[in-house]
Amino acid sequence: MINSLCGSSNSLKEKCLQPNSSNQTNTHSKKNATNSCGDLEQINVLTPQSLNLPSLKFDLDGDVEVQSPDSSMWEAFFNDHLDNDFMISSPIRNINPNSPQASTYNNCNYNYAQGMQIQSLSGCSPPRFASQIGSLNSNNQQKGKGLSPLHRVFNSPNNQYMQHVENLSLPAIEEFLEDFQGDVDHFSSTKVSSECFDMETPISTILDSLTMQNSSSYGASVNEESTLLHGGNSSSQISQESDIYHQMGSMASASLSQALQQERYQEKHQKMQAQQQSLTVPIQIGIEQEQDSGLQLVHLLLACAEAVAKGEYMLARRYLHQLNRVVTPLGDSMQRVASCFTESLSARLAATLTTKSSSTKKLAPSSLSSSSSSSCLSTFPSNPMEVLKIYQIVYQACPYIKFAHFTANQAIFEAFEAEERVHVIDLDILQGYQWPAFMQALAARPGGAPFLRITGVGPCIESVRETGRCLTELAHSLRIPFEFHPVGEQLEDLKPHMFNRRVGEALAVNTVNRLHRVPGNHLGNLLSMIRDQAPNIVTLVEQEASHNGPYFLGRFLEALHYYSAIFDSLDATFPVESAPRAKVEQYIFAPEIRNIVACEGEERIERHERLEKWRKIMEGKGFKGVPLSPNAVTQSRILLGLYSCDGYRLTEDKGCLLLGWQDRAIIAASAWRC
């Protein structure tokens, strides 16, 4: 997910990441369990220049222009908002954790948790992210923002779509489509263009049109307007027009100009009455209208996906035409996520029609590489620093990345207790941002730090070497005996000798949001090779989602439910019209959605699996689960306490930890041994 594309920034030049002058003058001193958070902050300033990221609350460069080739509206939107509302809900709370226990071991864990808490506020940790499902139980009730309309649709007791994932029994979609086509009069004043969103309608107009079905602001009563919009039959409309003329009395015999004047006056009067009445309407009615419009979007999306799956391409194009008229990437979370899925369905349909023969319904990999896949890659800024800043937005605003790194680090730290020589194999090292907090914790261990060796794996050997140089500088400043070994290979091409295993070393293998990208025919061999290395601990963090099913329609529904939760959490974190949030959605999550929906075969690399599936895979290869410790749970709760949003939920599942938003898990962390 995020970490897969963050590596595209390669190594960052030191001149781009200048540290504070105080960073150069501080030296390391050992910390005991009685240190306060203020004392522990001194540890973090030891980060070398290459790893010391700018302040988390940075301002994006004014001369950097980020433009998506998919729609020209992004340029104007970003220019208007870029400097206004960045990171408004970033973690700012001061947490006073419980006092450390008396034992030196627990003191180390306490010290470690404190160090990582401070690091989460200082910004020297990584831009690597995992996206992700499942019910979460929590005694915490939601205190902040409620569910978005789309997420509320999925949680509605009337929702029938989650009951049959692969065998969907859709409602009368044809009738529903006719209802939409009955709104032509409303959209006739809208100029339709060939842009990506197929219209030039203001966002407020689109939002009004979605709720028009249950709105009373356009005259008479709710029932009368519903009849006008959805009756579709000319006789009922003529009858209602006759009633209007009958109520006006003298209009029938008046001249045409007088009739028009009277009609306009009556419409204005009815609108004023409706607006006055709307002030007394309970809030629940607005929620129901919002939910109903969300249900309409879900119906259209699922109907379009079903048409694509069945090869009914003309019908699919009709649905896409309707969707493009009512979705927008700048609306509420429901409309924004629907916009991403609409664009993805369009990409899949276009690629299919381009390469489809009369008997083939499956996408050809060659067509995808020139259409949907290239589209995913082309949306990212070419400036590596701009890409890094976008990932920093996610890293600070949401706890998902911190949770992944801190939970994995805690498990490795505990597995290395009392070891004098330790070796960590990171299967996706990137810029190495996971390891500064871990190295600080080792440096604070009673009796001194052990000898640490890190083997970093990545596709670009030069980038991995640069990461090793940065980590070596940090280890030197912390006075940790350190060695870095770079490996520039894809995971499926790894060989045992590349790990350079040594006798007497305690070994940990770390994989954060990486194994789901390994092709299925290579995953078993990779896990067997890791097992043969006899590691003390294997940390596995992955998205809690099932995007690798055999049926397109099931994957589509799962992704729609999953990413609606992601967009909901972003909605609760950022302001309503937030340029940083729009960047995160367009440059990170939209490409993921396109890959899941539009790609097939080797081009589909986002093959997320649920925790239960990973359990079967790991146990099938001879691994046994290691329950995450209470320290890891406490640490995660401290982390969530740093965020102002109350929608995040933490739950335990057979020794594993899952972090989610509301009732949907997003990311799952587990630990394993041979």
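The backbone N, Cα and C atoms fix where each Cβ goes, glycine too.
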The residue range that Swiss-Prot labels motif 'VHIID', out of 172-176, 422-426, 442-446, 527-531, is 422-426
Range annotated motif 'LxCxE motif' in Swiss-Prot (choices 297-301, 302-306, 337-341) is 302-306
Matching 178-209, 242-273, 466-497 to Swiss-Prot annotations, region 'Leucine repeat II (LRII)' lands on 466-497
Mean per-residue pLDDT in the region 'Leucine repeat II (LRII)' (466-497) works out to 96
